[in-house]
Structures are given as C-alpha cells and as structure tokens.
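If you check TrEMBL, you get these features:
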type: DOMAIN; residues: 11-334; note: domain 'Acyltransferase 3'
type: TRANSMEM; residues: 36-56; note: transmembrane segment
type: TRANSMEM; residues: 77-96; note: transmembrane segment
type: TRANSMEM; residues: 137-158; note: transmembrane segment
type: TRANSMEM; residues: 165-185; note: transmembrane segment
type: TRANSMEM; residues: 191-212; note: transmembrane segment
type: TRANSMEM; residues: 224-243; note: transmembrane segment
type: TRANSMEM; residues: 249-266; note: transmembrane segment
type: TRANSMEM; residues: 287-307; note: transmembrane segment
type: TRANSMEM; residues: 319-336; note: transmembrane segment
type: TRANSMEM; residues: 348-370; note: transmembrane segment
type: DOMAIN; residues: 394-647; note: domain 'SGNH'
Amino acid sequence: MSDTLKLPRLDIQALRGLAVLMVVLYHTKIGMLESGYLGVDVFFVISGFLITTLVANGIHRKTFRLSEFYFRRAKRLLPAAYVAFLVTALCAPWFLNQQELRDFATQVAGAMTFTGNIVLWQQTGYFEGAGDLKPLLHVWSLSIEEQYYFLLPATLLLTRPKRWLWGAIAIVLISLGLCVVGGIFKPIATFYLLPTRAWELLIGSVGALWLLRPQDDQHRIINRLVRLLFVPSVLCLLVLPFLPSVGVHPGLNALLVCVATLVVILRNSQELNTAWPTRLMARIGDFSYSLYLVHWPIIAFMKNAWLGNNPELPLQLRLLTLVLSFGLAYTLYRLVEDPIRKQNFEFSAPLIAGVTLSSALLIAMTPFYILQTKSEQITLGDARAINPGFSVSCDYEATFTPKSECKNKKNPGLLVWGDSYAMHLIPGLVQQWSNGVMQATMSGCGPFLGLAPRRKINGELDSRDQAWAERCIGFNQSVIDFLRTSPSITTVVLSSPFAAYFDTAYEHVFLDGKSFVSRPVDTSSAIAGLRATVENLRVIGKKVVLIAPPPSSGFDIGACLERQLSGKVILGRLNGCVIDKAEYQFKRADVLIFLNAITSAADLSVIRFDPWLCKERTCDTLLDGTMIYRDAGHLSVAGSKMLADRMQLGKLIREQAK
C-alpha cells in the first residue's frame, strides 16, 4: 500500500485542527478570519478521502461488510453527538424563547435523522428565526457527511472498481455544475443540500481512488505536479481564510481550498509531518469533532441571551465562548468520544439498534417536554408570532396578482404597498378602514419604482441577490399596473423600514431601459425612486400617504420582553427593554433624514409612531401589558391593533393622504 494511504496520518489530523480552528475563530469573530467558514470545505475533502480509502481498500481485500462499516461509523460519530445534543436540549429552556424552542425541536429531529441540512434549509426565510440563534445550525455539514457515508459504500459495492475513478470525476463535474447554476438561482438550497456540495467530498474521494491505481507514468506526472503545488497549497490554506470571499459560497474560494487540501494530503510531506506547528494542530485535530459539536450551541445560547445595544457579542463574551468551547470539547473528547471509540465492541445489531433508539428517543423527547412544561410562556411566544398581514401567501415573490385572501372586501378602497413593514400594519388598518383593505407586499422590497437594494456578495447567505432585486423591481411595476385598472382603490399607504436603501452593505439596482445596472447606495437615488412611485400614483388618481417605521434601536425588542417576562437568561440589557430615544435617532439617522427629505421632495405626508410611543428620553415597547413589537422592529398583531386604535390611524390616513 502507498504510504499516502496508511492511516492515521499526522498531517491529516493537523488539517482537521486547522479546519476546526478556522471555523471556531470565524464564528466567535476572534481574529480577522473573513472567510473562516472555508474550514468546513477542508473537512469535506478530508472526510471524502478517508472514507473512500477505508471502503475501497476493504472492497479490494474482500473484507468489507456494509453492516460493520455503519456500526463503526455509528460508534465513532454518534456517542459524542448524542451527548452534545442532549446537553444542548437540557440547556435550551434557559436560553431559548418559545419560537426558538419550537424551531429547536425540529432541528433535533433533523440532527437525529441525518437530515439537519434539509431542516435548516426549510427554516431559512425572511420570517424564520435568525440563523445565528439556532443551537443546531452547525449540524447541516454533519448531515451532508452522514448522507455521503450512506451513499458512498453502496455505490462502490454496486459498481465495478475499474469505473470508480472516472465515475467519481464525472460526478464531481456534475455536482460542481449544479453548484454553479444553483448559486445563481437558488443560493440557499445550493449551500445546504448534498447534490450541490457533494463535489467537495468527491474531490477527496478522487484523491483516494487515484492512489489505489497501479503506479505508472501518469502517477509520476501527478506526483511532480503535487510537489510543484504543495507550497502554494499550504499558503492557500493559511491565507484564504483571512481574505474576503469572491462570489457566493460555495464558489471559487471553496474550490481553491478543496484542491489545496487534496494536494497537501497527496503530498504526505515528511517535512510537514515533523514540524512543530503540525504537531500542535494535530493535537487540536484529535478533538476537532468534539470542538465542532460544542462550539456552536455555546455561541447560539450567548447570542440568544445577548440583548445589548450592539447586536454583536462584546469581546469578553466572545473570549469566554472560545474558552468554554475548548474546555467542554476536550472534556467531551476525553470522557465520551475517545473512550467509546477505543472500546472493542463486537458488532451486534440489537445492541446498536437499542442504543441508537433509546438515545434518539431521549433527545427527541426533550424539546417536546419543554413545550409542554413551559405552557406559561405560550402567550408570550404567540405575541411574537409572525405578522404577515392577512396571510403568509400575501408575501409575494415576484409579480403581484390580486388574491382573495389578501383583501377583506371584494372591491377594497385602500391598498397597503411595501414590504414586511407594510404587512404589520394590516391588523390595525382592517379595524380602522371600513370600506376594505388590500395588501400588496414582498418581503424586503420597498415601494420604489425601478429601484431595489441588492446585498453585496461577500460569501454569506442572503436572499436579496441580483435575481431577487430584479424580481422586486418587477413586483413594484406590477403593483402600479394593477392600480391603473382598479378604480375602487382610492388611497394607497406606502411603508418600509428603508434602512437597506442607505446601508453600504447593499447596492442600488436600477432598471435602465431594458437592462439592470448597479450603483452605490445614495439618498438622492432613494428619494427619486420613491418620488417616482408617488407621482405615478397621483397621475392615475390615487391619494397616497407614507407610514414611517416604528422606533427601533437594533436589539430584538420582542425577544427582550419575552426573556424578561419569562425569566430567561439575559446578558447586556437590564433597562426594561425600552428604546433609548437618542440612540434610536442616532442609529436611524439616514432613514429619518430621508423621511424629512421625501416630505418636501414629493409633497408627501408621513405618519409617524414616535408621538404615540416616545417620551422625552425613551420609547415604550410595552403598553398596558401588550407587547408592541414582535422582534427588532416589526409590530406584533396585538401591537398593530392597539397603536392603530390609539392613533385613530384610519382617520389620520384620510386627513393626510393627498
């Protein structure tokens, strides 16, 4: 057997250590790793290489048994994972609010059934909880690996060895092609699902299958190429995590890291194996699996509990998170992962089935126990339920077409147009506007004709990409087209938080003739876009008024109130969850300036919540026991109704629309 195939290897353990360090430092935001998530791509290549080596060698020697393989994988992976999941589940009631607990129950089920990536993909959306608050967010990558472990052995057993290498190369190209196309049209699904991530594991598999081939001239050529690329590959692995990502992820950076990882594995450098940094990284690599398992739940719990003015955890908490992660990971490794891995259990189907089933039931029952025993929190959790207006189906994805469920009368007189900040007005407006209300809304898409915000590409997942921006522009155009043929609608309410139109993390996308162009964000473009909306509405005989977003200050107001009222762990904010007025005015200065400017630029009246919520120094978030906010800025259903009633919002609209 080639020395490269002899396992275990110090350099591979070092790669594991480097990979987990990249991920943990990136997640804790310690250091300057802008692309530390590339560590997951390193893990994928290592996993593909090692598993393929074990399976292919076993098949060649005629000693491979599928049942024994799965038993060994279970013994290696499940005990530490189950302990980590169980401890996470037991801690969850102290840190997670009701909606997060409901999501967590589904995440546990996904983790136990190796479908965590699919569950998390389904939990990704505008109205879903923030990803960094999900304690089992990190299991998506473990689920992809486990799915690969299920498929690879069966595939190799069912195909002829002579076809393994070229078959693997073909699937790499197919999966990579799907990844490129999916990154353009379905970036979130592309990130989470095996078909578009399999190429990374398969790169490792290709390396393992290549080494199984008899030595020939082609091997000598590849060996020379590997020697040539070895130093650049090491530099690539050390430098790329510090650089901003290029394009969506997985993309070019992921491809470079995967190839670099394979080169280092194939080189099997003795100089690298004997270097002290390699030995240090290998020590971390020994408990890298445990470290990966425990680090994210700690971070997620900290982020759930943190309610400071700045949504980012302060440095002292991030350092504490890092210390806890290493300490608990090493404990898990020494007490669970390593001892069980070294135990020489005889394979027994009843044994593995019994242990797996009992552990799975124990963990799966925990979140449901939480939901049953925390009944006093149900009211609080429901107060933070999503407020999509009439229905979630009124959150359009592209062209606007009237829906019966998005209006309360056949021929309504009022149209509410905008994004989720227009949606949250509906419960209050319905009880204030007697001749009917219709909803025309698209999440994140403000009512600007010919203009939409697009998130700059930085490797992070974000739904507001170029394709989304083009759909947003099309949606707004379809709303104005509909209004031209809707005489019953006499008044239009516009609303949005507007922040994305001034955030330098975004760009403005314009419709210039028949093509789309991008420019840096600026106030004048936003004013022109909204003025175009107002002017077009008036040309077709509609009265229009704008309702400003309610006061906010960056922290999750709804979560703060729920945590305070239900006795959850709170870090950072102990001032009754009220909004500091000066802080709100400072953080929302761009939006407030814009609202003042559009008033004169478009002769547009702006209705504000501030006089009804704000005193001299603070703005209320709880009125007569009612939670006004469901999150950092959206009104709850009850809050929308209460404010509309107190303000007599319908009367204000009739008086100020013009």
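Our numbering is plain: 1 for the first residue shown, then up by one each step along the chain.
Positions of Cβ are set from backbone N, Cα and C atoms, glycine also.
Between the transmembrane segment (191-212) and the stretches 77-96, 137-158, 249-266, 287-307, 319-336, Cβ pairs under 8 Å are most numerous for 249-266. For the transmembrane segment (224-243), the residues of the chain that approach it from at least six positions outside its boundaries are 15, 18, 22, 26, 32-36, 38-39, 42, 253, 256-257, 259-261, 263-264, 266-267, 269, 272, judged by C-beta separation under 8 angstroms. Between the transmembrane segment (287-307) and the transmembrane segment (165-185), the number of CB pairs under 8 angstroms, six or more residues apart, is fewer than three, so the stretches are not in contact.
Sequence-distant residue pairs (6 or more apart) of the transmembrane segment (249-266) and the transmembrane segment (36-56) include at least 3 whose Cβ atoms are under 8 Å, placing the two stretches in contact. Outside the transmembrane segment (36-56) by six or more residues, the chain places 5, 7, 12, 15-16, 18-23, 25-27, 64, 69, 141, 144-145, 148-149, 152-153, 156, 161, 164, 197, 200-205, 207-209, 211-212, 237, 240-241, 249-250, 253-254, 257-258, 261-262, 265, 292, 459 with a CB less than 8 A from a CB of the stretch. Taken as a whole, the domain 'SGNH' (394-647) shows an average pLDDT of 91 in this prediction.
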